[in-house]
Amino acid sequence: MSLSATATRFFSTSKDELTSKKRDEFEDILEERRLSSDLRYAMKCYTPVIYKGLSPCKPNAIKSVVLQSEQVQYVIKQLAKEMGESPDIIQEEAMEILDEMGHSMQLGTVRFFAFTLSKIFKQLFQRVCVNEEGMQRLQRAIQEHPVVLLPSHRSYVDFLMLSYLLYTYDLALPVIAAGIDFLGMKIVGELLRRAGAFFMRRSFGGNRLYWAVFAEYVKTMLRNGYAPIEFFLEGTRSRTAKTLTPKFGLLSIVMEPFFKREVFDTYLVPISISYERILEESLYAYELLGVPKPKESTSGLLKARRILSDNFGTIHIYVGQPVSLRTLASGRINLCPYNLVPRHLPQKPTEDIQEFVSDVAYKMELLQIENMVLSPWVLVAAVLLQNLPAIDFELLIEKTVWLKGLTQTFGGFIEWPDNLCAKKAVMSGLTLHSNIARLVDGHVVLNDKGIEDGAVGEIVFKRALVILMCSTYRNQLLNVFVRPSLVALALQMTRSFRKEEVYSSFSFLRDIFSDEFIFFPGISLKDFEEGCFLLTKCDAIQTTQQEIYPTDKGSVVVSFLSAMFRPFVEGYQLIFRYLSKETKEAFTEKQFVPGVRNFVFQLLEKGATQCYEALSSDMQKNALAALVQLGFDVQIEQSCLFLMKELLFCVL
Amino acid sequence: MAAEAAGSGGGSPASARRRLRIISGHLRGSPRAAGQEALSPSPCKAQGGSAGPAAGSIPKKRQEILKWNGWGYNDSKFIFNKKGQAEFTGKRYRLGGMVLPTFKEWIEKTFGASLEHKTTSRASLNVNDVPPPIVNEEFLQDLRATKISYSQDAEDRVFRAHGHCLHEIFVLREGMFKRIPDVVVWPVCHEDVVKIVELACKHNLCIIPFGGGTSVSSALECPEEEKRTIVSLDTSQMNRILWIDEKNLTACVEAGIIGQDLEKQLSESGFCTGHEPDSMEFSSLGGWVATRASGMKKNIYGNIEDLVIHIKMVTPRGIVEKNCQVPRMSTGPDIHHFIMGSEGTLGVVTEVTIKIRPLPEYQKYGSVVFPNFERGVACLREVAKQRCAPASIRLVDNAQFQFGHALKPQVASIFTSFLDGLKKFYITKFKGFDPNILCVATLLFEGDREKVLQHEKQVYDIATKFGGLAAGEDNGQRGYMLTFVIAYLRDLGLDYYVIGESFETSVPWDRVLDLCRNVKERIVRECKEKGVQFAPFSTCRVTQTYDAGACVYFYFAFNYRGISDPIHVYEEIERAAREEILANGGSLSHHHGVGKLRKRWMKESISDVGLGMLRSVKEYVDPNNIFGNKNLL
């Protein structure tokens, strides 16, 4: 049970902070848009505050600086030598890469977006709420050091909204790392480019030239303080509304100028964007069930405009405290390796650095999670999923209110206006999400219209769609609940009150679910203690030096928490069962996902399981990844049997 | 005075006179030597038994002409006169007796200091505070028998208990050292040193060699836990030039000679070493060797390691030296490199053979204004690349440029002030330089007249390519004069709640700008975090150029009103600045040395094995730690 001291220091959330988080007030930025002219707003005088060390330059000038940089020239020369080609040809290739990649931000396009997005956002959303103090902090940060914006990623709306927001507050517009797929969209791709998007290929690990050009492009913009750089740690939109485990590539690129002391410091700004109703909710559910994501295309976008008539509720954007990279790194990393090699040479980061980058990535995601706003509907969804097929309306309200208290005890950030009575809150959630649930004869049921008629398979599929959509909202609670809940599950698993044994089960669960939920690496014991602390706080357990045991009145909490995570335990069990039985030979992920989906589908058809969530390709991939990470991929059959058995104890 | 001295030297006429003019450019009217020693290789002037006459500029009783609680000569200091204007006293420096009209305003603006808030040092040393000497009677008996001059006087001992770090001066002004030397001895020749080291070994004493006392690395501080008698071995009376070899252009000199005396005496024969560290008025040849010193004009003459031909050092194991005086030899690792930078931990350097050069025929100052620091550094880099650096080339940042400006004396005629105004107008208005961004390089050329002029043109041509504008000889010369005077400023600051210090590093060219910016920014931030009320003065200059990098010098000072433990705060900030330097790829030290101040980073700097190598040398040479000043390792 040893715990790395540095990790503890690094992840310095104290127990007090857990409960008494102070958060800023929100302002609705659409309110003013509804009162005054959008055109005037789009044409307003825009003079953003800029980085104090900024050397102003045009987007094209950046490209030529990058092309002429020692870093890129070095790689060009290397490649020319290795491939026996003329450097000019490779240089041209680099130029093409730059042209494909580079943004060409123009104020005109920005104004165009400012105008159209005003119209669209007002149509789609009731309110767009922002913590103004966060914007003020950001404004100061932008002037002081280069800034990296790290928003959560739930929707394509994310980056549009963020740029819109910065424009509204007269801050420098960010340049945004976008997937190259957008370039496939006629006009829209180029429009995004002019609004500050730059495009990266999905995978370019092996392409040294691409990597060098891309990295240098990003770093040049950062060093010059050209504009805040924005990208998504999660790498892609989370289809489940659960934070995805972070990707490290871009993060390590933006951290390098600080490691090499080319900049004094860099601010990392976690931004939490929470949607009351996610624009892409049904698309996601289809995707998770294996119906492929429609390719980004302009015609697709035009077809999607019918959603304009729909209501997507409120968006909350919480701009977190800028985190100084220098402060994070202080005393943690040895920079000597950087001193011994010329700074323009590509250098593989040391293990120390890699670990540090990973720690920072997790820390930033945890900060995002901390400030995610949870709507009352999220609570309703969580209760509803535990009470299928139907729950009495009054009971639902009662349980929702109870869950609200528990969530707040665990540090969740619930936006529930003081004067709003519970009934109204639940009702407004149900109205907004009428495609998921509805009120029938005083009972709330899933909205599975048309389920009665149709083949068994079709019924299962439709039901799965609704359940996955509904779980998208419950999922928003999970990272807040995961530590106490895993303790609760471990208690059930162990059937012993000895702390050590409970901890060992907790550790096991934490490892198994390491890709499912966000855990700061290497601090299992601290997570355990935090879970115990929170359970003690809500009187669910009592702890002594050696023992942990549930209190009498705590059993409600403990069983609620384990039920909340039951879909994952059962889902993983099914997946492991599939792996232990059905697979005899080596397989690829492409074969695995449809295989396990069919397997679960058949069980559902037979009524042998009720675990619809096991159909989610996200869960399937996470389970497989965990298996590989834990080194269970060698003797997969026995391992899976073993894991299944272990998990079985949780649900018994 | 310069001409007189040259005359009395008798030797080479015109060049010597020129050389002295050069020195008097920096210093004026340094006290005349009592009498010149004959330049004969006599074995020891103390043969008669009594100590020979003090021939150098600094007497045995240093306190007679030097401040006991600050920098430099008693008669030279900054004061505010009755009109509240700043003035520099004394006649030793060009600035002496001049009024500096804008300086007060600069201090108030830069530090938020006010003349009304004054701290005062104690007026004199309180002898009762001085720790009583730990005396080994048998040693004293033996010492008396050698007839080597010694003292147990409290003032003599305290004077040799410190260098010129801020905390040391602060202690002198307001407190007392916990441990100071117990006995001061003044050997007058190599043989005296051999005797003293033998006695120290016999009686198991601790010897701390003392040269000019200008250390800024806590190297002279006595280790508090030292229980043995501490003998301060003051080399100042070993100050003769033993011989000059004009054929090979070398001179053998006793290690206690101080820089200004060495140059003065050599110039009488028409030579110089060209080694001019900023401390050359007070620092000694032995001290240069012990710290790996660097001189302002190293571009022509080289640093101490380039200048030294032969070293004689007395160690507890015996005497270490080479068997010949040759320009280079391949006989394993150079033993000189164990000695240079050993910081008094291995023994006492007694005699050094050093390269000499004929005095330069011509010398010319110059200066260039650059639109910003970046362009200035790029220019210096190009100059280094083309290997055409003048004797000295330095680039000061904007803050230091303004500082230099504030030290401009009152101009005598309206005409000069009118000219100054025109110049300023031309640079800022006509050329569009921002007075709050521009920076200045100062230049010093030396050599044959023709070559100097040619060289000058080459350098100015390069500067033009980087947007530089020639800004006149006068600015250049004042820049170098300030080097000597600036050390006096700290004492003035201390009177008004301003504390400060300088530190240095060396860094590869490609990191110069990043390092300068980051270190200055770090200082500003640390000050803020530590509760310093007023933004600090944090400035740098690039003082030396090399093929592969540069030496950067930082000045850092702040107003400490409202802080209860200013020295501690100062040290923490300096430490943070050093961490920043190391993180930016700078060295632990370019020429100040490690002493005790920077010991904690030695392992990081030279690796475990490297440190072990140095330790094993120490263990062999001095197994009983007679040279126990605890520096370096």
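Cβ coordinates come from backbone N, Cα and C, glycine included.
What TrEMBL records for this protein:
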type	residues	note
REGION	B:27-59	region 'Disordered'
COMPBIAS	B:46-57	compositional bias 'Low complexity'
DOMAIN	B:177-359	domain 'FAD-binding PCMH-type'
SITE	B:Arg394	site 'Important for enzyme activity'
BINDING	B:Arg490	substrate binding site
ACT_SITE	B:Tyr553	active site, proton donor/acceptor
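Feature annotations (TrEMBL) mapped to structure.
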residue  : record                               : Cβ neighbours (10 Å)
B:Arg394 : site 'Important for enzyme activity' : 24
B:Arg490 : substrate binding site               : 21
B:Tyr553 : active site, proton donor/acceptor   : 22
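In the three-state DSSP scheme, B:Tyr553 (active site, proton donor/acceptor) is classed as strand. It is 10 Å from the Cα atom of B:Tyr553 (active site, proton donor/acceptor) to that of B:Arg394 (site 'Important for enzyme activity').
If you measure from the Cα atom of B:Arg394 (site 'Important for enzyme activity') to that of B:Arg490 (substrate binding site), you get 22 Å. Following the DSSP three-state reduction, the secondary structure of B:Arg394 (site 'Important for enzyme activity') is strand. Look at B:Arg490 (substrate binding site): DSSP puts it in a helix.
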